[in-house]
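Let me begin by presenting the structure, written as structure tokens, before commenting on it.
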Amino acid sequence: VCTLFVYSQPLDDACLSYLNNNLTPLIEFEVVKWLKNPTFGLKFLELSRLNLNINHSFWTYNLLIRSFCCMGLYGSARLVFDYMKIDGHLPDSTLLGFMISSFGRAGEFGMARKLLAEVQSDDVMVTIFAVNNLLNMMVKQNNLEEAVSLYKENLGLNFNPDTWTFNILIRGLCRVGKVDQAFEFFNDMRSFGCFPDIITYNTIINGLCREYEVDRGHSLLNEIRLRDDCAPNVVTYTSVISGYCKLGKMEEASALFDEMMSSGTLPSVVTFNVLIDGFGKVGDMHSAKSLYEKMASFGCIPDVVTFTSLINGYCQIGDVNRSFQLWDAMKVKNVSPNVYTFAITINALCKENRLCEACRFLRELQRRNIVPKPFIFNPVIDGFCKAGNLDEANRIVAEMEKKKCDPDKVTFTILIIGHCMKGRMLKAISIFDKMLSVGCPPDDVTVRSLISCLLKAGMPKEAYRISTITS
């Protein structure tokens with residue numbers, strides 16, 4: 001039959017008559033499978049539907065739908081699904097879940113929602129797993145409003161949300177800062193017979209602390225401690241500790257850290273990192289270093305975040321030389337610095353006008369497999385401009401561009417002001433024009449500084465031109 005179909009198109013009446021009398025649903029399924037090409041399979045299905053008296057099996061439709069979905073041909077999959085329904089077959093929950101997941105992964109959320117609505121009107125059982133999977137993909141692909149809409153429109157149908165449903169929506173809302181709306185879902189859970197688990201609590205506590213509502217987060221932590229079926233874990237405690245650290249409330253953070261350990265919950269590397277970072281930002285390097293020294297006794301190995309936080313702390317209190325000891329410790333422990341480790345150190349050196357040492361770190365950065373960012377180069381460029389060494393500043397910009405790191409608004413502004421201060425007005429104008437040509441819009445500081453310098457230099461026409469362009 002495969003041979004006839006592939007090599008003898010169109011089939012004559014004798015062939016059609018023979019197939020009509022002898023083709024069975026099982027043979028027809030084997031033909032579609034043997035063709036190994038779902039496009040040929042669909043053509044054979046359409047031919048047999050129109051010209052042959054055969055009732056296709058569910059497995060033929062199942063095979064074609066899955067094959068088209070795997071190939072990303074969702075329109076063809078949908079067409080086979082429509083044929084399936086017309087021919088009196090309904091999908092089972094496994095096929096339906098597969099189609100919804102496939103459409104969701106491809107971002108075809110409209111197609112997935114339409115499919116859900118259709119099968120529910122046909123009283124086909126849709127598993128909560130399938131709906132949750134679709135909601136999860138919507139949230140991951142930043143289609144939060146569509147996820148909330150899908151949840152609401154399915155409530156009146158055969159859809160009973162579970163704890164995972166609420167966790168998905170709460171996570172999505174907290175991630176974009178809509179904590180109050182997340183709380184509405186949190187409070188609705190019990191009306192559906194669902195109870196928040198530790199994932200629910202951790203998600204909403206983290207969301208609150210990220211929005212600086214740390215006291216509310218701490219209250220929820222205390223609520224968990226009173227429950228018999230749920231207990232706070234290291235993630236719960238670390239979220240609230242991190243919230244207090246961001247607010248600079250290190251006494252509260254330390255007290256909660258002690259409470260966590262007294263409850264038998266061991267800290268993680270992340271717990272130590274947020275505390276070290278918090279103490280570093282308030283200038284308490286004695287406490288930060290003490291925590292760093294305790295890490296090993298809890299089986300926590302310092303990572304690049306640990307060292308970067310310590311380096312930042314020492315740089316903030318003006319002890320850049322002490323931060324160099326941490327660079328040596330990183331080498332000993334085989335911990336590679338990241339882009340922020342370099343940025344913090346270079347910025348601190350530039351503030352002390354140690355430009356040669358900053359350049360040494362720039363060269364070290366370029367030897368490593370780290371994607372450079374403009375904010376690393378800008379302090380060095382600014383330092384050389386303020387020192388009147390524009391040639392060196394221009395050289396660093398050229399090196400920066402060679403590394404495929406495009407200057408940003410700050411870079412251009414530093415160069416424009418630097419050249420203006422040296423009286424190189426034409427060069428400053430050319431840099432401004434380049435800034436516009438590469439699609440980097442200047443801000444008010446750039447424009448006002450350039451116009452002011454042009455007017456002082458007796459170049460009112462150029463100042464007017466700049467003002468006209470930027471307006």
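Placement of Cβ uses the backbone N, Cα and C atoms for every residue, glycine included.
Look at TrEMBL and you will find 57-91, 162-196, 197-232, 233-267, 268-302, 303-337, 338-372, 373-407, 408-442 tagged as repeat 'PPR'.
Outside the repeat 'PPR' (303-337) by six or more residues, the chain places 269, 272-273, 276-277, 279-281, 283, 285, 288-289, 292, 295, 344-345, 347-349, 352, 354, 368 with a CB less than 8 A from a CB of the stretch.
Within the same chain, residues 304, 307-308, 311-312, 315, 318, 320, 323, 327, 330, 379-380, 382-384, 387, 396, 399-400, 403, 405 sit at least 6 positions outside the repeat 'PPR' (338-372) and bring their C-beta atoms closer than 8 Å to a C-beta of that stretch. Summarised as a single figure, the pLDDT of the repeat 'PPR' (408-442) averages 92. Each residue in the repeat 'PPR' (233-267) gets a DSSP state, and the totals come to 26 helix, 0 strand, 9 coil. The residues of the repeat 'PPR' (268-302), classed with DSSP into helix (H, G, I), strand (E, B) and coil, number 27 helix, 0 strand, 8 coil. DSSP places the residues of the repeat 'PPR' (408-442) in helix, strand and coil in these numbers: 26 helix, 0 strand, 9 coil.
Helix first, then strand, then coil: DSSP counts for the repeat 'PPR' (57-91) stand at 26 helix, 0 strand, 9 coil.
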